[in-house]
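Heads up, here are the entries from Swiss-Prot:
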type	residues	note
DISULFID	Cys4-Cys21	disulfide bond
DISULFID	Cys11-Cys23	disulfide bond
DISULFID	Cys17-Cys29	disulfide bond
Amino acid sequence: QRMCPKILMKCKQDSDCLLDCVCLKEGFCG
């Protein structure tokens with residue numbers, strides 16, 4: 001199971017996101 005805090009963060013790439021979150025195509029981490 002991925003560790004991804006439920007925080008709405010804008011991103012351009014996966015490395016902009018916290019822990020195991022990835023950058024979704026909507027432009028937010030998830």
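Note: Cβ is positioned from N, Cα and C throughout, glycine not excepted.
Walk me through the surroundings of each of these features.
DSSP assigns Cys4 (disulfide bond) to coil in the three-state reduction, outside any helix or strand.
Neighbours of Cys23 (disulfide bond), defined as other CB atoms within 10 A of its CB across all chains, total 18.
Long-range neighbours of Cys29 (disulfide bond) (same chain, six or more residues apart, CB within less than 8 Å of its CB): Cys4, Ile7, Leu8, Met9, Lys10, Cys11, Asp16, Cys17, Leu18, Cys21, Val22, Cys23.
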